Amino acid sequence: MEKSMSMAPLLLMVLCLPFALGWHDYNQALSKSILFFEAQRSGYLPHNQRVTWRANSGLNDGKASGVDLVGGYYDAGDNVKFGLPMAFTITMMSWSIIEYGKPMAANGELGHAMEAVKWGTDYLIKAHPEPYVLYGEVGDGNTDHYCWQRPEDMTTDRHAYKIDPSNPGSDLAGETAAAMAAASIVFRRSNPAYSSELLHHAYQLFDFADKHRGKYDSSISVAQKYYRSVSGYNDELLWAAAWLYQASNNQYYLNYLGKNGDSMGGTGWAMTEFGWDVKYAGVQTLVAKFLMQGKAGMHAPVFERYHQKAEHFMCSLIGKGTRNVQKTPGGLMFRQRWNNMQFVTSASFLATVYSDYLASSRGTLRCAAGNVAPTQLLSFAKSQVDYLLGDNPRGTSYMVGYGNNFPRQVHHRGSSIVSIKVDSKFIACRQGYAAWYTRKASDPNVLTGAVVGGPDAYDNFADERDNYEQTEPATYNNAPLLGILARLGSGHSGYNQLLPEAVPVPKPVAAKPKAEPKAKSTPNPATTSSPISIQQKMTTSWNDKGRTYYRYSIVMTNKSSKTLKDLKLSISKLYGPIWGLTKSGNSYGFPTYLNSLPAGKSLEFVYIHAASPADVSVSSYNLA
């Protein structure tokens, strides 16, 4: 939980230990990080609940307001359900699955990850009972912090707080719309009816957020001490529009990004942080992806400005920008003492996906210090994850249950008090502080997979329960980490993130494929001495509803000693979407982010359809 109260300075001892450098089991870390979400569940726990020391809780949530708000997630080490960070958690879990669902499936964790998303979206659906009504909090931090109780014993106030047209909250509604839209992509193949329901809620919530503007913490004032919306709501409106475009392909949302990018700060803010409050870097990353996919259209100049700000963020992470992020002596990105790890995992996720976006488009990162290969971004993300898992001066893993040296006194009510299944005696509000909070011993319940706040600016860390700045976990620490761990655990770089999102179903059924058409090269109809070569091949195929779809890759190479400009391609017998080119009339040209092809360089573009290869030929070009 984010809090703005002060605490007495802690005397931290600098431990001069060597780095515990070594190989990490990213797949094991992924499994553990997903498991953490089961410990954060509120409501009636399912029969397949794997964190068995937890039990049902919050079973009357919303009852006093005449609405069912049972379910959802506790945000951190408390028993409050805060809507803004919960929605951001769901957005980032969904984005992790959208980008890296295949390696999650290979690791046997895709089903668990999708269940974690659905536990959150089921609650968000309940919290949105009317088009212009959204419940944004259950319980309040003030009364909750007065008590130290298991969620199963809660006696604190469970008042439900909402936003509506008279009490707006565009940031809360916008983030919730983003979460619903992103999750709709996750369930598109495995549960299309549920996916459509989520997208319907997302449409309504965006409309609510845009038409009735205001900061949510002005309407839900009890959230101000814990999750104040410092950045306002413009970033969430752009963020929601980006996710709605990605989920629906509706041009309205692409136009919204183009028309409002300058006025709402999407193209103006040069960021060095990304998290539950400030979404600009995330928006800029998504819009840069749309630009690389050739989707910008008439908004290309505006989208290029988003793109430049995305690259400013990426360059700042690797120390090659005009304003770089601070790092600890041990190499950890450092933003603030209080739960710094949230910024580490969120920024590392953006670096990971942007690295793959660049690699897919065969681009490079343009920094003030020069051009940078995409692999450097992935190396940065890996360094941050490795630090988190134990490669740091203390040799401490900041993921509970991973490795041998991890936090044992986590600032978490449920973890620190004996399980109700072991001792069912009721623990009163203040009794928990006396009997359990001050207890100088390891937690009776290991909060497996939880990522805690982490060390200070000098790599120091005190494993003490009352050190809530460093030992409290949060759901939004873990959510972006799912994608990074899945990516690192896959052990290869064969990704093309500019293709349409195709999250695999958790348990695919093997079926005998139809005969595939033979891949063929589509030569340039010009003479054999043509300076442009075109090689086309089929790279994969799949069956959907009785039809077989094929993905084709075309690599065009400038074989001349001059720069290729003003390219026009003719493509016929194309019956599906194409990525990596810009259409102009009846011909195709370079993507919007590229205006020429240097000597010896190649350009790849792809298309998908349920037919034999399209006919691709060069209509005209210039060499300069």
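Heads up, the Cβ atoms here are built off N, Cα and C, so glycines get one too.
No curator has checked TrEMBL annotations; they are predicted automatically.
Computed from a predicted structure; not experimentally measured.
For reference, TrEMBL has these:
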- H411: active site (ACT_SITE)
- D463: active site (ACT_SITE)
- E472: active site (ACT_SITE)
- 521-531: compositional bias 'Polar residues' (COMPBIAS)
- 532-612: domain 'Carbohydrate binding' (DOMAIN)
- 510-531: region 'Disordered' (REGION)
- 1-22: signal peptide (SIGNAL)
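Feature map: annotations from TrEMBL on the structure.
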residue : record      : Cβ within 10 Å
H411    : active site : 25
D463    : active site : 17
E472    : active site : 25
Mean predicted confidence [pLDDT] for the domain 'Carbohydrate binding' (532-612): 82
Pairwise Cα distance for E472 (active site)/D463 (active site) [Å, integer]: 10
Integer Cα-Cα distance in angstrom, H411 (active site) to D463 (active site): 9
Tally of DSSP helical, extended and coil residues in the domain 'Carbohydrate binding' (532-612): 0 helix, 52 strand, 29 coil
